[in-house]
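Asks: One structure coming up, written as structure tokens, with questions to follow.
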Amino acid sequence: MRVFNFSAGPAAMPEEVLRQAADEMLDWHGSGMSVMEMSHRGKEFMSIHEAALTDLRDLLGVPASHRILFLQGGGIAENAIVPMNLLGARNTADFVVTGSWSQKSFGEAKKFCTPHLAASGKTENGFTRAPTRAEWQLSDDPAYVHLCTNETIDGVETFEIPDLGDVPLVADVSSHILSRPMDVAKYGVLFGGAQKNIGMAGVTVVIVREDLLDRALSICPSAFEWKTIAANNSLYNTPPTYAIYIAGLVFQWLKRQGGLEAIEARNIEKSKLLYDTIDASSFYLNKVEPAARSRMNVPFFLADETRNEDFLAGAKARGLLQLKGHKSVGGMRASIYNAVPLEGVKALVEYMKDFEQRDA
């Protein structure tokens, strides 16, 4: 029996994708091979690779000025890879810290430069807001400005993206990429691990403006140098072939759903239902300012936290899994990525109401 999986990542996958992957496991399109067994330079995998790149470009509307790269290492590795590729002759990068992940990015950058804290969304209740552009205090000559546009742990999403002129904007989009349309031209770099909305863990997507490919530090390993990866069409070293294949199936699935406009409408409906339930209750609490609430990751707390384990046990009994909040903040967290259906959110809301009524 399939359950409703609210994991923050690795996360729920579209059932259609899982079934297609299962059907093709032993024999991909009459090749007699599993995708796992293919040479990454053979014609079979090359067709998978090129289709994935093309479909992602179509879905996001990536302009010709930007290259799409498939790398490894996840978002954590990109926290080091970004400064090694973008600092050039500069020694400062600016950071807008809106939660735990951008805080990690800020800390990692200290190994390569003197990072400048341009703005913070931290309040007495933790990270609960997204600073406006007017609050950003940029340094005089930063190599780039870093922003995590959706904080997976804290549930803070930044929707208003400013134009920074000549300063490249770098965005960690790991946990909301493909959940809504984006103006990719506004960004110098977008990066994200796949294991939330793109597919399975193992591949990292980087979208970089082509004119930024000549800034790498001499210490940057060639396997992580974007210019080298771009020149070799993401095949400089053996790529995570099966993860790219799964990502390609997800891209095709998204197209069949009507693209990102249709997906965004679904995600708005799902998140509104859950937030409305929380706000109407005196038993559940979300601390994030409404304008900055994530559509993908919804943290909430029980008024009586001694009931946390009872809540989780009851949810599991109903087939509602992976609702425990991150250890750094506690409480609960429902990650409602693209693959989580509206029926799953309705089932969660029904359970939350039943649990509150029973507790009362």
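The backbone N, Cα and C atoms fix where each Cβ goes, and this holds for glycine too.
Okay, these came from Swiss-Prot:
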type	residues	note
BINDING	ARG41	L-glutamate binding site
BINDING	TRP101, THR152, ASP172, GLN195, ASN237, THR238	pyridoxal 5'-phosphate binding site
MOD_RES	LYS196	N6-(pyridoxal phosphate)lysine
Asks: In the three-state scheme derived from DSSP, which category covers TRP101 (pyridoxal 5'-phosphate binding site)?
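Replies: Note: TRP101 (pyridoxal 5'-phosphate binding site) is helical by DSSP.
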Asks: Taking the Cβ of ASN237 (pyridoxal 5'-phosphate binding site) as reference, which residues of that chain separated by at least 6 in sequence fall under 8 Å from it?
Replies: ALA223
Asks: When you look at TRP101, THR152, ASP172, GLN195, ASN237, THR238, which the record names as binding pyridoxal 5'-phosphate, what is the longest CA to CA distance in angstrom?
Replies: 30
Asks: Of all the binding-site residues given, namely ARG41, TRP101, THR152, ASP172, THR238, which is spatially nearest to LYS196 (N6-(pyridoxal phosphate)lysine) at the Cα level?
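Replies: Out of the listed candidates, the nearest Cα belongs to THR152.
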Asks: Would you identify which of the recorded positions ARG41, LYS196 has the most other C-beta atoms lying within 10 angstroms of its C-beta?
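Replies: In terms of Cβ crowding, the pick is LYS196.
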Asks: Expressed to the nearest Å, what is the distance separating ASP172 (pyridoxal 5'-phosphate binding site) and the residue listed as 'L-glutamate binding site' at their Cα atoms?
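Replies: Per the Cα atoms, ASP172 (pyridoxal 5'-phosphate binding site) and the residue listed as 'L-glutamate binding site' stand 30 Å apart.
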Asks: Can you tell me how far the Cα of TRP101 (pyridoxal 5'-phosphate binding site) sits from the Cα of ARG41 (L-glutamate binding site), in Å?
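Replies: Cα of TRP101 (pyridoxal 5'-phosphate binding site) to Cα of ARG41 (L-glutamate binding site) measures 35 Å after rounding.
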Asks: Out of THR152, GLN195, THR238, point to the one nearest ARG41 (L-glutamate binding site) in space (Cα versus Cα); all of them are binding-site residues in the record.
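Replies: Answer for the nearest of the binding-site residues: THR238.
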Asks: Show which residues of the chain containing THR152 (pyridoxal 5'-phosphate binding site), separated from it by at least 6 in sequence, have their CB under 8 Å from its CB.
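Replies: Looking at Cβ-Cβ distances below 8 Å from THR152 (pyridoxal 5'-phosphate binding site), excluding near sequence neighbours, one finds ALA8, GLY9, GLY99, SER100, TRP101, SER174, SER175, LYS196, MET296, ASN297, SER335.
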Asks: Among all protein chains shown, how many Cβ atoms are found within 10 Å of the Cβ of THR238 (pyridoxal 5'-phosphate binding site), not counting that one?
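Replies: There are 10 such Cβ atoms around THR238 (pyridoxal 5'-phosphate binding site).
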Asks: Can you give me the same-chain residues 6 or more apart in sequence from GLN195 (pyridoxal 5'-phosphate binding site) with a CB-CB distance under 8 Å?
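Replies: Those within reach of GLN195 (pyridoxal 5'-phosphate binding site), by Cβ under 8 Å and sequence separation of 6 or more, are GLY9, PRO10, ALA11, GLY74, ALA201, GLY202.
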